[in-house]
Amino acid sequence: MKERAEEIVLSIQHVKKKIGRKWIIHDVSFDVRAGEIFGFLGPNGAGKTTTIRMLVDLIKPSAGKITVCGYNVNRQQEQALRHIGSIVENPEMYVYLTGWENLEHFARMQPGIDQQRIGEVVEMVRLDRRIHDKVSTYSLGMRQRLGIAQALLGRPRLLILDEPTNGLDPKGIKEMRQFIRQLADEGMAVFVSSHLLSEIQLLCDRVAIISSGRVLAVGDVDELIAGNSDHVIWDLSPAVQGKRILLKLDYCEIVERPEEVLDDSLLAGMPQGAVVTRIHSAHTPKAVTALVAAGVQVREVHRINPTLEQLFLQMTEGERIE
Amino acid sequence: MSNLLPLIKNECIKIIKRKRFYVILLVLLVLVPMFTYAQMKSAERSQEKFNSDWRLELQQRITDNENSLSSDRVPDEWKRYRQIFIQQMQYYLQHDVNPNQPNGVTFTREFMDNAISLFIPLLIMAIASDIVSGERTTGTIKMLLTRPVKRWKVLLSKLIALIMFTSLIVVSTIIIAYLISGLAFGYAGFELPVFTGFRIVGSEVDMSGVHAVSQWKYLLMQGGLVWFVGVSVGMLAFMVSVLVRSTAASIVIMMASLIAGTILTNMASAWSSAKYLFMVNLNLTGYLAGNLPPIEGMTLNFSLGVLALWAICAGIVSFSVFTRRDILN
């Protein structure tokens, strides 16, 4: 099995967690393979961080089994954790030490990491100019990069990043994506959590969607997310006439309250008087023809992704139908 | 698997880089001169009064105490304390030894007597109280525990570092007290005899075991006892630091129990089972000097045993909680 290209690095089987009297995680199972970026998508409070904490043995699952490279994380901690590099929540380092001293500190906790390796990871995250400054002077982005350097020190097979783009500027986010992709291309399994659908879409190969402690779906990002996007923004002129025509089409359904289905960022960028519809991609050309035939100018037709809430709604509805 | 030594090195680096130890040294460097100055003033005063004849001074103190014994307003416990004090002073007088001869070594000895139950434990708490809770407050514990090292090893490295710094604090307190007070009183006094071995039976002092030791030996014995108290208090503060997430709460809990100890001690407790509390057992050097124990029936071995028991329990609690607990914050 180990010879296969898609070796399973992380395997989570029927993991449950009870804190106090409350079940926080009901039943979570999925596998993460070498060389893939696996997204862990869910709103805040869905149990993402709790699950991540169980992956790195910060908390013990109440039931179920987690293995990393064949080692049980909760029984053979030393062997399992050797293959994991992680940042849980924020990259909290010792602010009274320099970046380099922080890395030396963590390097001492694992055999086989020398000064040269520390230099390598510093170069990888491009922190060489400020590495000898105290961490207290670092920006959030630099701390994030130092956290990743720390995670990479032990040449892990599995990299766990909790909301890695949090607090980064757009340029930083883009660099982070490229960096993570590069790591995955080198054969590392990368596990990324996020509450942003767009983030997961841009970054991940496969995704598990979690809501209130349950995994709703696991699969390819394209199938799960793109397959569920049937909302289209129309920018028409004149808008009122355009809307009237769209209303008449039986394969097209006008969304009266776009704020319920759109992200805030999309909503803000939406042109004045734009119409949001639910329409299958197969029917879009017909609708455009109908609009043009009626003399309406079509300025823009823009297919959009559903919001996370919507995706959940569709998934849970789907469950009920089945 | 991975060795403990690098882990201990990590902990020491963190303690030093956090400047905790410098703060402790600074506190000593500020306070010891103050005590020295106070001691100098009182020495000058008695010199004027008694014409630098220490026998006269000692005799005066004995008479003062004797007079107060007849007063009805003095509580019985105080009378017992004074009776014992009188007997000891008479012993010194008979053997022609000045118990308070001002010099650096005597100052250090007296300073350690006074520092053992509150001052030194407080200094140790400055390091012990946040050695674990500090990592939880800042969140660095997540990084620390997701490395391939068993949790008990992480905790043990912290405990060893703490004991190392406890020893360092005790040694530096002695050295700083000696060096600074020596400026005022001179650096001599190592060979001076000090009487020890007083046994207190009721309100009488059994002198049969009394013998003189040179002051340097006495100081060494004191140092050992202070170290023992330091390690015990350190272990307790360590446990509180494991149990409590916030460093402030951890300091308050330890401070409150230490101060409760001094209050209980001063109450000359009629509540005899209080002797099993660790905080009334801290004044170990009092047994060397032959002071009346805070509660009847307490001896050096008893106090050592009580402290050891508390420290061992604290260690067991610390390790069993730390290795099992879910890190949620």
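Glycine is treated like the rest: Cβ placed from N, Cα and C.
Listed by sequence, the residues of this chain that lie at least six past the ends of the transmembrane segment (B:21-40) yet keep a Cβ under 8 A from its Cβ atoms are 15, 102, 107, 110-111, 123, 126-127, 165, 168-169, 172-173, 176-177, 180-181, 183-185. The transmembrane segment annotation in TrEMBL covers B:21-40 (among others).
Taken from TrEMBL, the feature transmembrane segment covers B:115-134 (among others).
The transmembrane segment annotation in TrEMBL covers B:155-180 (among others). Panel annotation: around the transmembrane segment (B:155-180), residues 4, 7-8, 10-12, 15, 21, 24-25, 28-29, 32-33, 36, 104-105, 107-108, 111-112, 115, 120, 123-124, 127-128, 131-132, 187, 219, 223, 226-227, 230-231, 234-235, 238, 242, 315, 318-319, 322-323 of the same chain, lying at least six beyond its termini, place a Cβ under 8 Å from a Cβ of the stretch.
Sequence annotations record features per position, and here TrEMBL assigns transmembrane segment to B:225-244 (among others). Beyond the transmembrane segment (B:225-244), the same-chain residues lying 6 or more positions past its ends with a Cβ under 8 Å from any Cβ of the stretch are 112, 115-117, 120-121, 124-125, 127-134, 155, 158-159, 162-163, 166-167, 169-170, 173, 250, 253-254, 257-258, 278, 282, 284-285, 288, 304, 307-308, 310-311, 314-315, 317-318, 321-322.
Feature annotation from TrEMBL assigns transmembrane segment to B:251-271 (among others). Proximity of distant same-chain residues to the transmembrane segment (B:251-271), defined by a Cβ-Cβ separation under 8 Å and at least 6 residues beyond the stretch ends, is recorded for 75, 77-78, 117-118, 121-122, 125, 128-130, 233, 236-237, 240, 244, 277-280, 282-283, 294-295.
Per TrEMBL, transmembrane segment is recorded for B:302-322 (among others).
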